[in-house]
């Protein structure tokens, strides 16, 4: 986009000769700014001296010395090795952060997928489909998220049977009130070959995609890129699987005594939080998607139809690209909301950053300022990174005007 | 407009053969509202028809039925040798052969001018990109804006956008062109450039149905002028007869209001 050249600034306003400088807007503007700055400085000064005084009275030494002190408490869900006997507060921080990232990223993917499906379903010409989508949106959008989390956790997942009465499929998958137990893959010798196969498959898909586009440019033929990609991936993986001599075995969960042993345990807290966040946020995303699709004028569809384009191609090449520029900015805020709302984990005991670090660690160490500042910075950083990524994407889909 | 165009419009031409569009007893309702009443119209190959009438008289609806942007409840419409039914294949077949130009251009704002023109040829006619681009450039030259090919619609004036819209339709190599008030949304100084493009298209023998209030255009190029009111074809005549000797009271009233 061409920028307009900067406007030549007018000569500075010297006020009119008869009036007082009190009536000069420039002077007034400066005065307000000075007053505001002074107020901010005063508040910061009061807050910090107050905090320092309080800490002195309570005998808390500020600083980050606690970071390497032993934590001495347990966390059930951990993506890195952690134990109450040897791990530090710093490691507890990383466990909490990774748990937040896990539930937020899974939630972002799930909420976006559900949101798009429901949003498009609500525009369906099939009355039943659009009615169901509308019910979904109005129901989940209008109930507080905290309440939904309690329902998912207490009414749905806690109500599952005890381990001995687990719901199980093929004696390999168990569902009970301690969570979902699935076979855990154990990567044996030669597993690296699978990774190589996956990389090769992706490369082959990329090459095929490029060839397909070039071939269409050259001859006009269209190719079923999606189907071929799927086949390529499956083929390469199967080849790698057998070439490496079936390297992956599964650690199948097993009922022993009163508990399930082995396998991969997915905790009910995680499932409840993931479902709650995704389903709640998806109801907002659905409305954003619907608004985006409706923002593209009817004339665009008519023009595409009058050129002979089929409805599917019209959606893909004409409507959705234009809807995306309307959808992306509010979608970004919803994804940020989801990430920040994941801190409601505290309510159902999912060990996320807030529960671990601002809860247990803060309580044990009393380092309130350090813990709060670090946690706030983490969320700030996460949000800024998310919006940066979305802004880059948004710039790519923006429409050139003038 | 050129005198050549006038000759093309006024000269008696042989418009024989089977009609390319046949509308037989077509009726359409929007709920209770009877928008089209008993429309019977045969259009010969190469014929230019101008449709006028007060707003809400059903003229846009009529031409939008021809490429099935509107459904109709009664009657038959046959385009070329394809009868429009609820069969999707037939609707596609008709839409491929019938181009349409809209009042508000409806260019795709996220695509360049060139991409606007090549989208349908590539995805519908499955033409190689290079070839589609060459065709598009030829038509953009015809509407006199090849230099804008790599700009976006938002960067063009209204008149230029409408000429691109005409070129975009022509890229599909249609046998029939429908124009739905193509100059109504334009600033006055841009009307002429669009009408000139339409006149030159008419001179090449394109079959055209044009909904417009540009009576000068009707006089110059139309073979027949149709006057519609309240969903009916009230009067249909050659331009000379239509303007100098209108038969119906409603036509006289309408012409009195728009001709000064």
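Every residue, even glycine, has its Cβ placed from backbone N, Cα and C.
The feature transmembrane segment is assigned by TrEMBL to A:26-45 (among others).
Here the transmembrane segment (A:57-73) has long-range neighbours at 84-93, 360-361, 364-367, 369-370, meaning same-chain residues at least 6 beyond its ends whose C-beta is under 8 angstroms from one of its own. Per TrEMBL, transmembrane segment is recorded for A:57-73 (among others).
Within the chain, the transmembrane segment (A:93-121) has long-range Cβ neighbours (under 8 A, six or more residues past its boundaries) at 67, 75, 77-80, 82, 129-130, 132-133, 136-137, 270, 273-274, 277-279, 281-290, 292-293, 331, 334-335, 338-339, 342-343, 345, 350-357, 361, 374, 378, 382. The feature transmembrane segment is assigned by TrEMBL to A:93-121 (among others).
According to TrEMBL, the domain 'ABC transmembrane type-1' annotation covers A:97-390.
Residues annotated as transmembrane segment in TrEMBL: A:128-153 (among others). Long-range Cβ contacts of the transmembrane segment (A:128-153) within its own chain (Cβ-Cβ under 8 Å, at least 6 residues beyond either end) map to 118-119, 121-122, 268-269, 271-273, 275-277, 279-280, 282-284, 286-287, 341, 344, 347-348.
Residues or ranges marked as transmembrane segment in TrEMBL: A:192-212 (among others).
Below 8 angstroms of C-beta separation, residues 190-191, 193-194, 196-198, 200-202, 204-205, 208-209, 212 of the same chain, each at least six residues beyond the ends of the transmembrane segment (A:224-244), sit close to that stretch. The annotation transmembrane segment is assigned in TrEMBL to A:224-244 (among others).
Residues 76-77, 99, 102-103, 106-107, 110-112, 114-116, 118-120, 122, 133, 136-137, 139-141, 145, 148-149, 152-153, 156-158, 160, 177-184, 251, 253, 323, 327, 330-331, 334-335, 337-338, 341-342, 344-345, 348-352 of the same chain lie 6 or more positions beyond the ends of the transmembrane segment (A:264-289) yet place their CB under 8 Å from a CB of it. If you look up TrEMBL, you'll see A:264-289 (among others) marked as transmembrane segment.
Taken from TrEMBL, the feature transmembrane segment covers A:371-393 (among others).
Nonlocal intrachain contacts for the transmembrane segment (A:371-393), taken as residues 6+ away from its ends with a CB within less than 8 angstroms of a stretch CB, comprise 93, 97, 100-101, 104, 328-329, 331-332, 335-336, 339-340, 343, 353-354, 357-358, 361-362, 365. Here the transmembrane segment (A:192-212) has Cβ contacts under 8 Å with residues 223, 225, 228-229, 232-233, 235-237, 239-241, 243-244, 247-248 of the same chain, all six or more residues outside its ends.
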